[in-house]
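For ARG45, ASP102, GLU103, SER104, LYS144, GLY161, ASP162, HIS239, SER240, the entry in TrEMBL reads substrate binding site. Per TrEMBL, Fe cation binding site is recorded for HIS115, HIS140, ASP141, HIS213, HIS239, ASP272.
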Amino acid sequence: MTILIEQPEFGVEAEETKVPVDEKELMLDGGFVVPQINSFGHTFRDYDAESERRQGVENFYHTNHIHQTYDFVKKMREQYGKLDRVEMSIWECCELLNEVVDESDPDLDEPQIEHLLQTAEAIRRDYPDEDWLHLTGLIHDLGKVLLLPSFGELPQWAVVGDTFPVGCAYDESIVHHKYFKENPDHYNPAYNTKYGVYSEGCGLNNVMMSWGHDDYMYLVAKENKTTLPSAGLFVIRYHSFYALHRSGAYKHLMNEEDVENLKWLQIFNKYDLYSKSKVRIDVEKVKPYYISLIEKYFPAKLKW
């Protein structure tokens, strides 16, 4: 069975570096050369390339912004935080996610495991000593199993898409911000101010994010006592938080540790976005390396 994701893991297009290689290529911080166009001949995250895709994006965010409330997120975290769905290894989850194809991602029409390995291998080439970041690249999207029947088959607005804090005012940098006017929290004085239920420098770990695959995988890793550094957990939880790492919003909620971890997230995001390509990864060839990392940072079986 293959589950087709009709809405993408939407994100505002990441800012490209300004180091020209030639008219078709750019170079990332670690030396990773990336094309300016994807394998379909369009610029990355160009949802205007096909008009029907643009409307699909807007429809997705319309629904997402109405239903992602503080109470909804609290309910989902309590429900899925029990981790009582299944027990399996990280690699077993990678293979399970292989049933998911995001057909509306303009940069990717391969199974998800291809994207995970493309991201991980690109990071591995440029940051060979940061094995925790290689593994983070592999597992960052595993929370998309929430789309599968055995995990509740959640609607796509509750799994993919850009993430944002709930419990405080919705920043205008969030894509399709206008639809928050239909969200009940928009009119709740407890939630519609700059700080809402939070305080200056409280730390993002104390902030509830809109529910989706990012937060779910963060809970899975944390509750199964991963030994990944805090930067790895930060990348997993906030890689779709474009309002922060693309637009600089919500920094008033960050603490010093967040500031340091954000540097790694901004590095990671470039590989996450630009490493998608038609170059296939030999899964069996690289599998032993990633199995060794999984054994280093995770227990053999995890509760999901």
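Placed from the backbone N, Cα and C atoms, the Cβ positions cover glycine too.
Quantities reported herein were computed from a predicted structural model and do not represent experimental measurements.
Recorded residues ASP272 (Fe cation binding site) and SER240 (substrate binding site) have their alpha carbons 10 Å apart, per Cα-Cα distance. Put simply, LYS144 (substrate binding site) is 13 Å from HIS115 (Fe cation binding site) when counted between their Cα atoms. Separation of the C-alpha atoms of ASP162 (substrate binding site) and HIS213 (Fe cation binding site): 10 Å, rounded to the nearest whole number. HIS239 (Fe cation binding site) sits 13 Å from LYS144 (substrate binding site), taking the C-alpha atoms as the reference points.
Across the fold, the C-alpha of LYS144 (substrate binding site) and the C-alpha of HIS213 (Fe cation binding site) stand 5 Å from each other. Taking CA atoms as the reference points, ASP141 (Fe cation binding site) and SER240 (substrate binding site) are 10 Å apart. Each residue contributes its Cα atom, and for SER240 (substrate binding site) and HIS140 (Fe cation binding site) these two points are 10 Å apart.
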